[in-house]
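Undergrad: Feature list, courtesy of TrEMBL:
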| type | residues | note |
| --- | --- | --- |
| TRANSMEM | C:20-42 | transmembrane segment |
| TRANSMEM | C:49-66 | transmembrane segment |
| TRANSMEM | C:72-90 | transmembrane segment |
| TRANSMEM | C:102-120 | transmembrane segment |
| TRANSMEM | C:158-177 | transmembrane segment |
| TRANSMEM | C:189-212 | transmembrane segment |
| TRANSMEM | C:246-264 | transmembrane segment |
| TRANSMEM | C:270-291 | transmembrane segment |
| DOMAIN | C:368-437 | domain 'Iron dependent repressor metal binding and dimerisation' |
Amino acid sequence: MTGLSLSDKVTIGAALLGGAAGVAGTFAVLRRRSLVGDMLAHASLPGVCIAFAITGSRDLLGLSIGALVSGLLAIGLMTLVVRWTRTKEDAAIGIMLSGFFGLGIVLLSVVTRSSLGGGSAGLSSYIFGEPGNMVDSDLYTLVGVGLGVLLLVLLFYKEFKLVSFDHEFAKSQGWPTLALDLAMMTAVALVTIIGLPIVGVILMAAMIILPGATARMWTNRFNVLLILAGVIGATTGAVGVRFSSGLPTGPTIVLTGAALFVASILFAPEQGVVARVWNETRLRFRVAREHLLRSLYELNEPNFPRLAPTTFQQLLAHRYAQPWMLRWLVDQSENRGLVAVRGDQVTLTPLGFRRAAEATRTHRMWEIYMMEFAGSAPDHVDRSADAVEHLLPESLLLELEARLAREGRLPAIATEVPASPHDLASEGNSS
Amino acid sequence: MPSSIALEIHDMTVAYHRRPVLWDVDLQVPEGKLVGVIGPNGAGKTTLIKAVLGLVPLASGKVEIYGQPYQDQRHLVGYVPQRESVDWDFPVTVRDVVLMGTYGRLGWFRRPRRPERELAEACLEQVGMASFARRQIRQLSGGQQQRVFLARALAEQAQVYFLDEPFAGVDAATESAIVDLLQSMRSAGKTVFVVHHDLQTVREYFDWVILLNMRLVACGAVGDTFTPENMQKTYGGRLTILDEAAEAMRNREPVR
Amino acid sequence: MPHALAIATTFSDLWNPNGLWIVLTACATNCACALVGCYLVLRRMSLMGDALSHAVLPGLAVAFIFSGAYDIGPLMIGAVAAGLLSTFLIQTLHQYARVPSDASMGVVFTGLFALGVVLIKKGIPPGVHFDMACVYQGTLDYTPLYTVELLGREVPRAFAITGGVFLLNVAVVSALWKELKLSAFDPALATTMGFSATLLHYLLMALVAVTAVASFEAVGSILVVAMLIIPPATAHLLADRLASMMFISLLVAIAAAILGYILSTVFDTNIAGMITVAAAGLFGLAVLFAPQHGVVSALARNLGVSLRVVREDLLAMLYRVEELGSPRRLAAAEAQAAVGGGWLARLSLSNLLRDGRIARSGDRLDLTPAGREAARQLVRSHRLWETYLVKNLGLPLDHVHEPAHRIEHFIGDDIREQLQQELDATATDPHGREIPE
């Protein structure tokens, strides 16, 4: 009817499923209900068996209605158990998941044995996922559900956003959070159930969770998150199917999604592990370098304007650091032309002196701020928050500068080089 | 040689996800004091205690109990967490909970025996909860739950105690009972740190205070330290800037 | 289906050696799972059981591929490795990549499971039997077919393995009883006492992985998940101490095994599935009828309290009417309407009449001496309380009736005595009415 080859149909079907699951699943992830998808998937089996026993056909629509009913029943029972007894949500999810699935296995063996015989063989595809059986009508159902989920999300965009961001607040604002929650979970349930014949019971949870969790690494904005999750889900589905020659389709789709997820965890620009480690290391080195410059400045301060060489021992005694680290820092600063090294002796270059003065000035202003305006004891002020001076208002900076000058502690160069606090930082950042 | 400084914190900074919540705390508290840890919400009071107890990692600094690193002095330290931090549906009786206080000294694998049971019983007696020993812990009122926690702490037989908001959600009678108990602990030479909210009662309850607001504002005897200026510094002033600074640290870049 | 006949044959089936071995194997499995499951449920980590029992699959596959055989040793090593790895991944993703903990669990176990399926498909040579379906539903029916020699007897392999794991679990749980209990109840305290909660967490997860793998072959993953969660959750509704919770969960596990086996024989269906259903049924019974925490008993308790309140309101009202000194008495319908009407009021009144607290003559209700005494105590509580509120708490007069009306039903002799002492034997309440002795 559609004139598509089976593999094209499966690809389109998986992409549709992935997209819809990505969008609906994002809400589940945000509401900390990721595993409800897993529960729904397992809990749908008895419904599938009963629907099959009644209709006697493997038609996706009929079976899905059965699945939906038993899935929603499981959610309802779970909610009641949590509300009425001391059983906690995690246990209730587990009980419904395994109890319903056990019932499904029992019914499955009954249905398989009964007169319906051969036609029921396809039912086990609900457990393992067998997209090879996909027919045109299945594809239409998928399209329908995908559009339905999209429509639901578009209609209730604002409300869903509110509920998934701050449930309590939404409640206090008089929104029917229970109904909205239920609508969100229904979307998840719909997608889950449609996805079962493609990826199977266990892996359906991955289709729900992975796109949302992956997209979350790339953006902090809700609308972008939803779109991205949809795109990632669709891509995962389509690519997974294409990779799956000779491999089971469901697991391949999931592994594709997992690979995307791992890549995002590692390499996402801001929240990725690599980016974070890189930024932290860079910050640590910048702080260490400024510490070195400040040490050199402070050790030379009594002899100004003469700049005498300083030994490593002096530096280590002044501010403790790992010797190898100090060595490395000195070498690095030499490469940048900030210090001149001769054997054991380190001397500030004119450029280095200017940088050192700026770093010292920054630090002293912060110290004064902490002492005067935040009331901290003089020897306990923060030693690492050098960047903080950029936070202080201009008027306060001038006041602090005046004080330092009065006490003769304002680094000399800083009076010549008018305060341009951003230079230092932007230099640090551009490396 | 045992030092008479019960707790010394040296240059301690604590960060959650690189967002500093405590900056360079540096303080000493002598033995035998009843110490109030005071500060507004989010000032890092609980964090201070958790950091001392090694429950959250330190970004820098060190903690010493009686002059030795905390790890070596664990047996000297008792802890009473916030009441909400445990599951009161847990299937244990009041007696079980108090008995847990003795586990630390028992170490791995050894079971509590008669002396431990008797100790637990005595501690229950001391907080006036002996008649509730067989109750499941959910069946107690908030104040009673807090007393059970205190009995457990007593059973730890520690020298230095850390109590996280023991007065939260308890009735006035329990509060004064708890205060009596704390004062008798102090008379026995224990040092007791109490996270506390109610400024009205600070002078009455404590003889030493730690004023916190993301950093140490002051630490010392109540008379000298619990002053209007210090309170102004703790609760008011331009401290929002520290918040912004912390935010900047978290984002790893200066704000511009 | 001729049920009576089927049940008749069931009992003879249970007596035959095969049936017995099946039940014994199921019991061993269920008990092994239930024991470690107690900690999972109490630590609110039930779903770690679900996650781990799926996530061990790649470990199994790798062990299977490398050892080339179905040996329990390599399988266990593979399972523990995979279990610990997934525990680590779940925690790390949550802590360092800030993925919500439930999502991180879902991602890790589905990912590892998918990997396992692919490994099995690709790595295991055709012809070697590794049936995916049995991962779900197990092959309990066939357990008696594969036997090993144990203590000079032929026992089913599956029974030997699951029985061994059950003993292992018993050993670990009893050796680390206090440590596991403490770290489940209050992990922070455990850590400050030197029992690393993290270490104990990993130990527990390793046990779960071992238990899951040992049980897989016989009963399939679905029963493992069910038995890790359902018996402990059921026991939690029934027990108020950890030891009794564990004991009850073992009983539930055994009952589910026997019941499930019988039912599956009656209906001729999958055994593991039926045991799961039986366990879920037992949980349902506990939800409804647990003496303390059950829904029905809670409803009954509430009903009991409501009835008592209405009964007492009736008595107190009749007392006040008498107190007014007029000869008029209330009629039954009037009295019922005054305490809210409805079936509660009707039931209360008939209770009181039956107990001889109220006498009815014609359409007129009178207190009997016993009823009058009870009513006097109530009215006394009420007025003492009002007095207390006004005198000691300084509440205005028109604000004290409602609270006193609510609390009068719950003031016992000792509180009444205390109030009496605090109030220094006041004779009248703030409204000027006499406080009855």
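Every residue gets a Cβ built from N, Cα and C, even glycine.
Bear in mind that the values here come from a model prediction, so they are computed numbers and not experimental data.
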Undergrad: Quick one: do the transmembrane segment (C:189-212) and the transmembrane segment (C:49-66) have at least 3 Cβ pairs under 8 Å, skipping pairs fewer than 6 apart in sequence?
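TA: Yes; at least 3 Cβ pairs under 8 Å.
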Undergrad: Report yes or no: does the transmembrane segment (C:49-66) come within contact of the transmembrane segment (C:158-177), defined as 3 or more CB pairs under 8 Å with a sequence separation of 6 or more?
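TA: No, since the transmembrane segment (C:49-66) and the transmembrane segment (C:158-177) share fewer than 3 Cβ pairs closer than 8 Å, they do not count as touching.
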Undergrad: Among the recorded stretches C:72-90, C:158-177, C:246-264, which has the greatest number of Cβ pairs closer than 8 Å to the transmembrane segment (C:20-42)?
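TA: Most Cβ pairs under 8 Å with the transmembrane segment (C:20-42) come from C:246-264.
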Undergrad: Under DSSP, the domain 'Iron dependent repressor metal binding and dimerisation' (C:368-437) has how many residues in helix, strand and coil?
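TA: So the counts come to 48 helix, 2 strand, 20 coil.
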